[in-house]
């Protein structure tokens, strides 16, 4: 196999020198990691003499780990590689410039400018012939005719500026996304033992020989071999496509692979392969290679036949894969399953992008028609005027002069098109999103998928976890029930008989994950730090409060000595640990949710520490007198119990028989205080029209108490609090299937779902999203931290994972990571989401006003005066102001609290409301009146020469300079008006908070002064007097006054106003979205609009591609899951393609065709052709 790391040979020889120091080489370990189950066990024991021996060869201790000596770590990196998979090379600035040059409109402009340039240098014999009509007049005729080239050159220069600005925007955008990318990857840390200490290490720093502590919910960062494991189950579907969880144990299957998820249990492993030598890395190298091959093939221009394409998958990595013929039974099954899958409601994304693309396409069509009309009218007018009315003959020597006129008309037409097409739209979206994403980081929201930011603004419902999100996740035991006594405070240890105290201490210290610890506070006088599972930390704190030392117990009974561990999972809702007793037999300690554990107890300890029978009547009394009062105070109740097996050793796999006949030791009440800022945040949500629901695994009384403290429930409201069982009974039919109608009766009133399983959470989220109750489809945000929250996070419109308490699996499935696990951060995300929407509406309002006015002025001016009052270069400058600069200025407005004082817009709300339409048309009327007045009467007002009907190469006139200057200044002041879109009177509110806006407006103003005073011929400008300048500014300020007049007119009274910028209809969506896993509305609009060759499309395509690359790269493990791993050597293709047919697959456009298995067809988010 080739060396994928791409190290030079010299580097290799260095690593070979070091390789001798270790007992096995890189290739040995790579070969070993390719084996599975029994083969691996045999190889490890025969060839290496067991796992301990492998640790010895790698010079590491299974208990202490590596020493952490920097030279040793560096040596390991040299020999075995680093734990990084190199990312794809970004496009260079020149490539981006080349892409921007591909723009059709720009190419047309360039060609026209070049023709104009060439013709301006061409002096035809007899060209000055009077018969050719007026070419130029006035004393400067000669000199002016010689400067005719300036206009062509100016157009070319402005095209170059536009291209550079576009390329720079794309480049900085890509750079930002890569920065975000690396930030997401840096966030991922892993528990490693070095020098006997458990530390959190960034994934990239892990080396071969490290000892990693793995636990439920981890995403494995490297390949390794299990040293010790408790009840370990791994989901390897990302590599094999098999959805069953694989049990891992030392004697059956000790091989752990990177990119797989720990679904249950815990353990320790020795790292044997990292980075490009791990199984994930090998697949990535193959992917990279196959992409490069494909690109090379494209360059060579090979045209592959159908048969060749079919065989491509077989030989992708040089190993023939068994491909099922499609007509076989299994193939047919898959097709049927796919059909079923396609009928499911799909998740829609990029709703905003979809609306914008649709709008851009519509405006583009209108612009295209207008520009064509302009050219036709200009040419007809010229021909009729010259050859019909004046009766001239077409003389051969006059041809170049006429062509020059035609080229000028053509340039005017193209310029109208350039101004009409709002290519700033996608730019505004991207700037706005990128800016928001950057700022959201400061608000503790790490955005993994860009469109989550925009979707959050439409959220109507939030389903939130309780622990850690609404509460502080700082748990403490505050009450206890031991030996028939309910202690309201923690008692002193003397009140318990030694036997009971011993059982409590052992039952907690041994039967909790050894990774849960209480460490001294980092600050003096602060609270001790809780590390690991917070509930277990509370129990360990209880042991410490009883003046006992849990660490001493653990040292006596290290993890290796534990006989068997049943780890906690969402089905068991309990954890049990079995140890051998010194005198023979076994003892099992159990802990779990009190009402579940008490059902399994048939004995209980009394005051003296003796066991007495515990009947169901006693249980009911205890629930009534102890557990419910605790729960009503918002406490979480945990029961601690034990059982001895003295006679015979039971069947350990038969869990149900083992977890019965327990003896209850104690029940404790754990308090987790509500975060102080949460009630206010929930209040804001209610004001903003967002319903907050609490979904928790706690019992219903605890949940209700906390929900009341948070303000989710207010006294006297008619709302539901249900337990998971009751919820399922109400929404399922006799067959156990969920019925949407039944669910629709419940969810609108449901506020608390307690004792819920992850499946219940998924059912609720899916039910709310699919519901047709109410006029708008609900947009649901969900928080989750556990491994099993994955499906609910994926199904939700926006999934929030917890950055601190969340498992890697949850983070992988989420759209946004809350770096502080705090509910208030979600409210901030809503604010930013709404702000993105508003920023884009502000920009639209501004842009469309300029578009309407510029197009009408150019069109009418051309028809009446045979020349556009705004010249090509001036139009390009206006275009630059209103596109690039305005999108910067208006898309970076910071959010204000007023955003949370209105209802959500909903997914179908048009981009341009009637108020905005009133503003656009109102300002257009003012600007058109002013411009036309200046064009047709300006020379009399200012007492200057008229600029109308000027000959071909005449010098710039003051008249048209005033028109241009006034036009730009009106846009500048209208930009201030555009800061408000809901009809507010004060357009200056908060303007100082936005430094970018102020600097853009002032910067544009100074540029304008420079252009007018020193622009000269290239900009068709001539300098103005101070009085003329003051008039221009005065008319510009008139925009602000006119804005007040418009806002005073009530929108309701203007019945003729229509909204614009709707999304696609339901029917259109379903028709176009066949076969797509997720509906990307932006891409669908693009496909519809592809007939148009105008500029905006190319730009939108680039934006979407950048966003797609960003989204699919959310972490290299994420990509792993999104590729259908048909490459993997020992994978049967059919099951893998089945699992991908069911799981939502997001796959990057670039690799989709290379990777997808043939029976599936291209099922990815197909890139835009």
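Every residue number used here counts from 1 along the chain in the order it is shown.
From the backbone N, Cα and C atoms, a Cβ is placed for every residue, glycine too.
Note: TrEMBL annotation is automatic and uncurated.
Looking at 874-895, 896-917, 1028-1049, 1050-1071, the stretch flagged in TrEMBL as transmembrane segment turns out to be 1028-1049. Matching 794-811, 812-829, 920-937, 938-955 against TrEMBL, the residues noted as transmembrane segment span 920-937. Among the ranges 843-864, 1085-1106, 1107-1128, the one that TrEMBL lists as transmembrane segment is 843-864. Taking TrEMBL as the reference, the stretch among 957-974, 975-992, 1137-1154 described by the feature transmembrane segment is residues 957-974.
Looking at 346-367, 368-389, 456-477, the range annotated in TrEMBL as transmembrane segment turns out to be 368-389. Among the residue ranges 247-273, 274-300, 301-327, 409-435, the one that TrEMBL annotates as transmembrane segment is 409-435. Looking at 843-864, 920-937, 957-974, 995-1016, the range that has the most CB pairs within less than 8 A of the transmembrane segment (1028-1049) turns out to be 957-974. Between the transmembrane segment (920-937) and the stretches 843-864, 957-974, 995-1016, Cβ pairs under 8 Å are most numerous for 843-864.
Shown for the domain 'Cation-transporting P-type ATPase N-terminal' (45-121): DSSP residue counts in helix, strand and coil, namely 49 helix, 3 strand, 25 coil.
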